[in-house]
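Asks: Annotation source TrEMBL lists signal peptide at 1-19. What TrEMBL records for 16-54, 56-97 is domain 'EGF-like'. According to TrEMBL, the feature disulfide bond maps to C25-C42, C44-C53. Residues annotated as domain 'TLDc' in TrEMBL: 301-478.
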Amino acid sequence: MATPKTLIILLLLLGVISACPDGPCKNNGTCQSGYTDKGYRCLCPPQWTSHRCDKDVNECQNGQTNLCDKDAICTNIKGSYSCHCKQGFVGNGFTCASIIPHPSAWFPLNGTYKTSEIENRTTSGFNQGAVHLSLGPDGTQNGSSAGSITFSDSNSELDIGVSITILFWLYTYDNNAEMTFLQYKGIKLVVNHTKLTLTLPEPSISNGLTGTLAEKGWTFVGVSYNKTTAEAKLWIDGNIVNPKNLAANFDSNGAQTLTLGGDNFKGKITQLMVFNLTMTQEQIREIKGRMKLPAMIFNSAIISNNSFYSAELASFLAPVVGQMESKWNLCYNAIANNWDLQQFHKNCDNKNHTVTIIEKEPYIFGGYTDIPWESSKSPTYGETLKAFIFSLKNKEALPPFKCLAKDKQKAIYKRSRFGPSFGEGPCISIKSARDQSRAVICEPYSVPTEVSKAKPQSALVGSDAFFSPDNYEVFYLA
């Protein structure tokens, strides 16, 4: 006969035994009797947690373990996760490979590498004529080269056989006379204003391929040839321009010479890449997408209707404001505010990051400062190295240019009787008597190479004398 103590033990054992048959563990968790005050514990699969295995584990969180490739994106799903290769990579997500092959030769043509190949796999190019560094597509100072450069090396990565792709960024401005600006292995690229033509070596059954460039500004340009199919392609901004099968002979014997630019070429070139294969459209577009072009969101009565001027000003501003896409609010328009300088100071003083756009038909110019304007009764100067002055349209028919501050002294001029004014003097000034305004390039601002050959004192507004602006606007960074 069972004693009361024995009955209690039996009841406890029955309670423990009966806990697991009730199925407390979810999602294929293993139930074990005892161990906890609940009378059981659950051993959960790796993707589940909690005392009942009913809480999903986010394997994609920092500190968690997943098998996604380093070039993949991990996405958590209930009870598991998925891996997808990032843009520019292909694979199943657990293994991802870049869709972009490494260039056989890569010449950034910027202030860092000058005319050197990025891995020193070939000798540097040599300049011919007037070649200088200029702004790049992303607004980087010394981010491109203007002029003519020749690369020549018989034992280098330029000797790449006959299936090739050549890619680079091209900046054109104004009316270029018809001229050849790229020559390599019999390939020639010819530009005539907005017309871009690819011609191929003899014998060829075609006069070549022709596409249309933007009237001004940066374009991503490419040439490719497939030896197997004898198909040549001209690429403009990642789009194919009427590919053709051509009976062209690409001679890979002897010295390989590549020439960029020319004496009459008015433009810039950067990021020249040469590949020893025929690249796909997806690959070419991926390379294009790696160069982030700045954008400026604003509403200007002076330049909003001109996409070229807007793009150029955005490229000037991107490096100093640290944003590839910046939004700007209007604080003053001279015409709308009846040329009232008190309104300028009321609306625009004490705001960091302002850009001024001045119009004196047909010229457009202005300046930027990261320090605020003030209504000082006596003249004072503001000190900053980030300020610059710029020209979008000028007397010398030069491309838009940017003049950086060489030192921080006297970068901007602040006085209640003046509107936005820059430099010593000041050299760009808007006065209450607006016909006494001035616009010249002076200290502390540097004169760009392309401007120094012209007349820097009259480059902005056509004269170093006083002028009366037609309108001006001031914007601040939102």
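Cβ coordinates come from backbone N, Cα and C, glycine included.
Bear in mind that TrEMBL entries carry predicted annotations, made automatically and left uncurated.
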Asks: What number of additional C-beta atoms lies within 10 angstroms of the C-beta atom of C44 (disulfide bond)?
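Replies: Summing over all protein chains shown, C44 (disulfide bond) has 21 other Cβ atoms within 10 Å.
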Asks: Between C53 (disulfide bond) and C42 (disulfide bond), what C-alpha distance do you get in Å?
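Replies: Here the two Cα atoms lie 7 Å apart.
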Asks: Using a 10 Å cut-off, grab the number of neighbouring Cβ atoms around the Cβ of C53 (disulfide bond), all chains included.
Replies: 20
Asks: The domain 'EGF-like' (16-54): mean pLDDT?
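Replies: Within the domain 'EGF-like' (16-54), the model's average pLDDT equals 84.
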Asks: In sequence order, which residues at least six apart in the same chain have a CB under 8 Å from the CB of C42 (disulfide bond)?
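Replies: Counting only residues 6 or more apart in sequence, the Cβ neighbours of C42 (disulfide bond) under 8 Å are P24, C25, K26, G29, T30, C31, Q32, H51, R52, C53.
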Asks: By the DSSP assignment reduced to helix, strand and coil, which category contains C42 (disulfide bond)?
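Replies: Reduced to three states, the DSSP call for C42 (disulfide bond) is strand.
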